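Straight from TrEMBL, the features:
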{"type": "ACT_SITE", "residues": "Glu76", "note": "active site, proton donor"}
{"type": "ACT_SITE", "residues": "Asp195", "note": "active site"}
{"type": "ACT_SITE", "residues": "Glu288", "note": "active site, proton donor"}
{"type": "ACT_SITE", "residues": "Glu309", "note": "active site"}
{"type": "BINDING", "residues": "Thr412", "note": "Ca(2+) binding site"}
Amino acid sequence: MFQHAYDSYLRYAYPYDELRPLSCDGIDTWGSYSLTLIDALDTLAIMGNYTEFNRVVEIVIQRKNFEADINVSVFETNIRIIGGLLSAHLLSHRTGLKLEPGWPCNGPLLRLAEDVAQRLIAAFDTTTGMPYGTINLRSGVPPGETSVTCTAGVAYNALKALYHHRSPIGLLGNHIDVMTGRWTAQDAGIGGGVDSYYEYLVKGAILLEKPELMSMFIEARTVIDQYLKKDDWYVWATMLKGQVTLPVFQSLESYWPGLLSLIGETDTAMRIIHNYHSVWRQYGFTPEVYNLGTGEASSSRESYPLRPELIESIMYLYRDTRDPILLQMGEDILRSIQHSARTACGYATIKDVRDHKKEDRMESFFLAETTKYLYLLFDPDNFIHNPGLQGTVINTPNGECIVDVGGYIFNTEAHPIDPTMLQCCHEAYGG
């Protein structure tokens, strides 16, 4: 599956950002920087295709920076480009790639990731510390850029700023004005627009060793369960009073059981994943929005753009429980995609889950996330799953570091970060 999609991208779409799997050509979408190639890079390493990984790295590092007079999404560039470059850098020692002195704290992929990060920093220069949604990679924040941003665009200070702007009952809205701190969309939920906030509270607490972030999540989770949880589903409600506004399930919410598994809430997560999988079984896919009242895909939101969130949670839960029913769920997903989304030139978005008509788009996250999580579900011995029983000692200019001991943290684009390497470089540069 991955190989067919990847080969098709190279054959028909590269150097464009994305493959159009029905037209068999490419299109630029997020910034005209061969997005799919960078987003898929660490998947090659995880699947053991080191020869191709090393070949692509040599292509990527031919560019010295990401200066370009284009406006890009701060959030998407962060999770896909910076995340993809950083993860590939940290995995490069596994592939036989020649490493620069000072690795993992030095290297061409790391320098490119830093270059992109420096170009995004200006977006965070706001009154609240929460970022603008768009930035120009050459000149900074575009003139007239709206100060309303999706709450998914987060950094550590932005996480804390969002927390301080929660409602009196503890809920967050969906869109906020980053200059005034005023909520412009006040529906509260766990899905699109706010999902990465909750995800990064947990993952940031683990990766950065910031217990205050976990405390913020536990507090938020209590409020979410009080106002949004209905019979192991989650609905949308007003952030001020918790009154239900949208009794729907969003496909993007499927990350939630996996997140609960990271904090040990496996029983609750299993009940939720059975609900979400029942929607998949109903249609063969999960629609973007599913109406819980009618038990049907919501009109105008009936597509499935090859999203990874359901298989992500299944992978996490199988790693925790080894329950074979989760393998069956994974097989259902695999068979559906293979049967209805495959084309001669890749895999296509399902335009309507009710009749499985296709749409001419294959987003980069299909290679970065969906196929990666499927592969890891069925490869329990992959190094990514290392339970901490073994590691590698590396010599750096600042002494020895022990790395590769497991505990990888995936960013919201499924790019794994080794916490031990982060700690190694943190200590090398004096904290």
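Yeah, the Cβs are placed from backbone N, Cα and C, and that goes for glycine too.
Since the structure is predicted, the reported quantities are computational estimates derived from the model, not experimental observations.
In sequence order, the recorded positions near Asp195 (active site) (Cα within 10 Å of its Cα) are Thr412, drawn from Glu76, Glu288, Glu309, Thr412. Across the fold, the C-alpha of Glu76 (active site, proton donor) and the C-alpha of Glu288 (active site, proton donor) stand 19 Å from each other. You'll find the Cα of Glu288 (active site, proton donor) roughly 11 Å from the Cα of Glu309 (active site). The residue listed as 'Ca(2+) binding site' sits 10 Å from Glu309 (active site), taking the CA atoms of both as reference points. For the recorded site, Glu288 (active site, proton donor), the DSSP three-state label reads coil. All protein chains included, Glu76 (active site, proton donor) registers 19 other Cβ atoms within 10 Å of its own Cβ. The secondary structure of Thr412 (Ca(2+) binding site), as reduced to three states from DSSP, is coil rather than helix or strand.
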